[in-house]
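According to Swiss-Prot, the protein carries these features:
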DOMAIN    9-207  domain 'Glutamine amidotransferase type-1'
ACT_SITE  86  active site, nucleophile
ACT_SITE  181  active site
ACT_SITE  183  active site
DOMAIN    208-399  domain 'GMPS ATP-PPase'
BINDING   235, 236, 237, 238, 239, 240, 241  ATP binding site
């Protein structure tokens, strides 16, 4: 019997926390579906979502100012369990009649939590035990405000040396507050605390599993598509691979895979993709040579958003042409949940677009194909689990992400055939050395960026003006935040040496040491 994987669900209201997406991933790992929405979302949307529980995220602001963000007041009146984390706890306390003040001594980093009442959230959870027999937990704090007076009906359930009210609960109304962050790995028991809230307090049944997601996706695809054919564009990335495999599992020979050779793929990528998918997928694959078409469309375009939208337009037009030849009505896309989050805007406009994703906002409004996006609700790690469950090779599943517009957005400014050729070579050298040194799977994404600037150098006995290549490598769990990868200097020196010696047009190599935020992972 098929499970309803969305039957039990948690709503996470985002107050601007860098950890908001991490909360969502933790809830998913518990086995329960959840969605992330901005904290100013309207009441109708929340009621339509019909959550079994609500989590209020942390945030960078202070509750002590009148103009800062608040939770929708009605969520405290609908009989739904609510968990406030950091800022979420503070706004809950303030809105329900408590007091919040700036603390004289902010807490950032590790703290030891003393549990005063373990009921519900902390039941059976401890890292150590105090001499008085109280459970002690190692937790991660990041706050400058504290709840100084509890709202009516609440009691203190935990404290630290600097926060007498580090956790609070109204057991009757099932409202809970945590001043620390249970979602981060620096709180070792955080997953268990969240599971207590989601499973025991909200009484959610954990149906959100890889097996059930596959079953649900197959059923959904079959119901939508019927006997019609579907085109899926292959890019060599994990998202398109899992999308194609999932669609193929659902409708078999009704799937036609299309690989568009845009001229903007990585070195030798077309041959590699054809080999992998014809061997492992067993589906029909059509390769379309569209190099001239893409170059013509991108000529004179330097704005990153325009390049993304043009790439999306050209992709769709190619698919539509193939669809007309084959009488195909549907386009399968590898849009994933972080794409949706980053491309979303609230009705109030308080959450702004970071960049337009090729799989979301880059699509033409007059697209003639109907769209299916079986991965739209999934984070990247969930997509990879699906791929492994579907039998795709691990090398493909753990391949670094590659943007839909390809090298067009790794060339700063206007794209040219010369720039593409230089970048392909530099990128291939970087990836080859990462694999040879066993660093490839230690970083989450790595690539080269072409900078259309010339810098003076010396080759032989002569001054030489050549282009600049930037190398980018990051470590991340969910691609919502990322840290630059601290690769050994000897390794970077080797890569740099190869690039400037093997690519005559390049005179300088630099390494990007910027986290996300403030930067995005891609340069454009």
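Glycine residues also receive a Cβ, built from the backbone N, Cα and C atoms like all the rest.
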Once the chains shown are all counted, how many other Cβ atoms turn up within 10 Å of the Cβ of residue 181 (active site)?
23
Which one is it, among the active-site residues 86, 181, 183, that lies nearest to residue 236 (ATP binding site) by Cα separation?
183
Please tell me which one of the active-site residues listed here (86, 181, 183) sits closest to residue 237 (ATP binding site), measuring Cα to Cα?
183
At the level of the C-alpha atoms, what whole-angstrom distance separates residue 240 (ATP binding site) and residue 183 (active site)?
29
Among the recorded positions listed here (86, 235, 238, 239, 241), which has the Cα closest to the Cα of residue 183 (active site)?
86
When you measure from the Cβ of residue 240 (ATP binding site), how many other Cβ atoms are you left with inside 10 Å?
24
Just counting, how many other CB atoms are there within 10 A of the CB of residue 236 (ATP binding site)?
20
Residues near residue 235 (ATP binding site) in space but at least six apart in sequence (CB under 8 A):
259, 265, 273, 334, 402, 404, 406
Looking only at Cβ atoms, how many others are within 10 Å of the one on residue 238 (ATP binding site)?
24
Once the DSSP letters are reduced so that anything not helix or strand counts as coil, what is residue 183 (active site)?
coil
Could you check which of these recorded positions, 181, 238, 239, sit within 10 Å of the residue listed as 'active site, nucleophile', going Cα to Cα?
181
By Cβ count within 10 Å, point out the most packed of the recorded positions listed: 183, 239.
183
Between residue 181 (active site) and residue 241 (ATP binding site), the C-alpha gap once rounded to whole angstrom:
35
Environment of 235, 236, 237, 238, 239, 240, 241, the listed ATP site - residues of the same chain whose CB lies within 8 A of the CB centroid:
234, 242, 243, 334, 399, 402
